[in-house]
């Protein structure tokens, strides 16, 4: 109703800027003391809601009658072209007006806006003046500058009295055309004045007259929501049996009356149209849009509900316009979520497609209709549909980050981020073109390859953003990305830096350089070719071009400069060469480039931190570079310092310096560090084991080094340790078994003595074997304890991290307790101590074998499974506690009459020994037989079945996992053992057994001795699978593979095309040759013979052009 009132207010106000208010004037109604004074007739153009044409309409503004407004209007009127007669009429001076008329003043004189005194009197509602002017012959057909007659003006004023007065005058044309070719009936209809409409029709007003837009008075009334005048006009048409004439094609656009009613937004007018039979599904002539489309587009729920009530299936059918759009498309494009929900609840298709294959989700995303996008996603809208231009909903949502965020919540959309349209561009490219940083941020967060996706011309989004100067977009695209994508070239060979520079975007250029964009290598080659000495120029920090290139990760430039014949390996102010700089900055590509260069040895040996420490750092952060070094055979057993010749260099300040000075300082520093901190020969191998660099450890170079050392001293040292431990564990076992078997004799016990009597025994030393074994075990146990103390001093905190050391301490300490005092009798407490010693002693021996090639993997598998068992044991104990205490409360007989026996019995029952007949029958002996049997059933289902199966499953799972890693774990343990052995050996022994070089002939046949030795004491190497690494393909490699596939496809297409063209050319050649032969035969027959200069008769001939 507010919209309707607003319409009335608009319809009741015209020429608002040209009207003044006078007080104390006579009107049709005494309660409206207003006089409307027109100062001009400039027409206002008002555009009807959601229509593609504009209509000129009249507007009369009702101004207030306060003093300020009156003074303002009077001031505006001053100076305008007007006559005295107009002024008097405006002021309401009836007598003065009459005097002027009597004097012969022209009654049809016009003012500035072309209005006659009659127009002014009508606007002022001066009834007496109007009658007077008509008596003096005022022309009722004259029009003002806007084209309105006095009758039009009377209708604007809304005075039935004035209209009736004018119609009584001779010459008044009731169907006169005014502004916009509107008749008075048009104006009365749109102003919802049914009384004036009735007066006009009764005076021969034409209801079928049309304005310049082809609209009848009824159309005007319907479009403006004038329900009273519309109802009257329809009723009149019904009486004349001409309703059908007014229902359809009511304007030049081919609208029906219902279209105009829906466009007005007034439900009563819509109901009126339906009542008179206007079809809801009637399409508009030029675009086939129905009234239901318009209602959905406007979001008018009352009108929609009413239309659906009159046509219940209209939501379910596919109602489309000329473009294939459904009402759901119209509602989605305007973010009318309530309308969309209303349609979907009435079984509207959620994914109808337009002629260009766009769904409502496309329209919602294109207009940023967040609520509709969210609603359609919840209702299962297909987000993978692409239109005829191969654009997805992500293309449509570019520029609307909130809608994009909702769309990206669907997993199915992730693959569409990098999908390209028919022009070869993805949604990321369009976002980069518009500088839409929020959308770019969403794309990069959801898909890491979004920043490197290429178009058909191989342009990345960074190319596009650089071309248009969107610096913020480039920063978002480079988040968590490899800087190498900055230097990707398109099909024209241009990088993003080319576009930024060519377009003059200085900030974008600076940003690209900060992120690591580089100039092309051929540019550096051109500079070096022109200024060769600049290769060794240094800045204030003594950094050469090599240092800067290495620090910024420009591997190709490093390769170029390092391969130049005059390039020197120098040091900056921090005594770093190019390898030190690359390692500090973690530039793996630069390190790889240096490693592949012929000067790798020179660069490596000149590092101030030393060769081994540098390689250790590489093993820690860049293990792949070490593998490449091994592959190239560049790492050798000994590194000799090469002599570096110095050259004179020029600094930025012009100072002449020599690189030899820097080299000498760096070498002295390196030598001092080497003296202060001696490095083990297996320091690099030890670093590999700490960081578990499997590919480095299993490389042939490392393997042969380890195998040679193992054969040289490793296996012998290990066997000595193992033999020493056997010298401890075997006598200990012999002693324990012997004292237990001869306990009665050694302790003086009777065979019938009770256990309590055996606690009291005499300490004797009569058995010589027992005494020898006791002292032997005691000495070896103390020796092993001293060895462990030395290990603590050597390893310190690292010693505490190995759990096997605690087993050894328990074994040796309990052995000492077991052997002191060395009595022959070891009954009572000593027997328990001996049992603990034997248990931990043999368990420790098992751990010894985990470093052997043959049994190591099995020991590791058992230890891992034991760890899994410990994790599950807590849960198991809770089950045992639950059932054990429950049966303790319910059963009175043994073994459930005591807590301890109940717990142990329950533990055995969980293993499957249920003994139901023994413990739970007969039922008559059970105090609570029903509850006891129910709990027993739960026990049977829960413990032996579920728990055991769970343990088996965990064990199998651990076996599968261990089988993948056990060999490498054993290999690492063996390497650690070899490192520990070498570190523990005295220096004089190491000098004799150290291996400095090794030569192998892999194709030479092995002797029988070598085969036997390799079989028994070889250092087995596990195979390292690269499947996991092969699966992890970098984005750059993915781009390369994609480009290769695209190129292969293009090449195949070109090959097929060339093949077809070749066949066509062959056919053309064959046809041409046939035509030539025919032409020659015809020429021979038709042309006359001529005689040559030599008297030989020949014929004129020609040589036709050939294609080949």
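Using N, Cα and C of the backbone, Cβ positions are placed for all residues, glycine too.
Taking TrEMBL as the reference, the stretch among 799-815, 816-832, 833-849 described by the feature transmembrane segment is residues 833-849. Checking the ranges 645-674, 675-704, 855-884, 885-914 against TrEMBL, the transmembrane segment annotation falls on 855-884.
Among the residue ranges 566-588, 589-611, 612-634, 934-956, the one that TrEMBL annotates as transmembrane segment is 934-956.
Matching 521-539, 540-558, 749-767, 768-786 against TrEMBL, the residues noted as transmembrane segment span 768-786. Listed ranges 449-472, 473-496, 497-520, 713-736; the one TrEMBL annotates as transmembrane segment is 713-736. The average pLDDT the prediction assigns to the repeat 'ANK' (253-285) is 88. Proximity of distant same-chain residues to the repeat 'ANK' (356-388), defined by a Cβ-Cβ separation under 8 Å and at least 6 residues beyond the stretch ends, is recorded for 323-324, 326, 328-329, 331-337, 340-341, 344, 350, 394, 396-397, 399-400, 402-404, 406-407, 409-410, 412-413, 416, 419, 421-422. Long-range contacts of the transmembrane segment (713-736) within the same chain: residues 770, 773-774, 776-777, 780-781, 784, 815, 818-819, 826, 834-835, 837-838, 841-842, 844-845, 848, 851, 977-978, 981-982, 985, 989, 993, 1017, 1019, each at least 6 residues beyond the stretch ends and with a Cβ under 8 Å from a Cβ of the stretch. Proximity of distant same-chain residues to the repeat 'ANK' (541-564), defined by a Cβ-Cβ separation under 8 Å and at least 6 residues beyond the stretch ends, is recorded for 483, 516, 518, 521, 524-525, 528, 534-535, 570-574, 576, 578-579, 581-582, 585, 587, 589-590, 592-594, 596-599, 603, 651, 657, 662.
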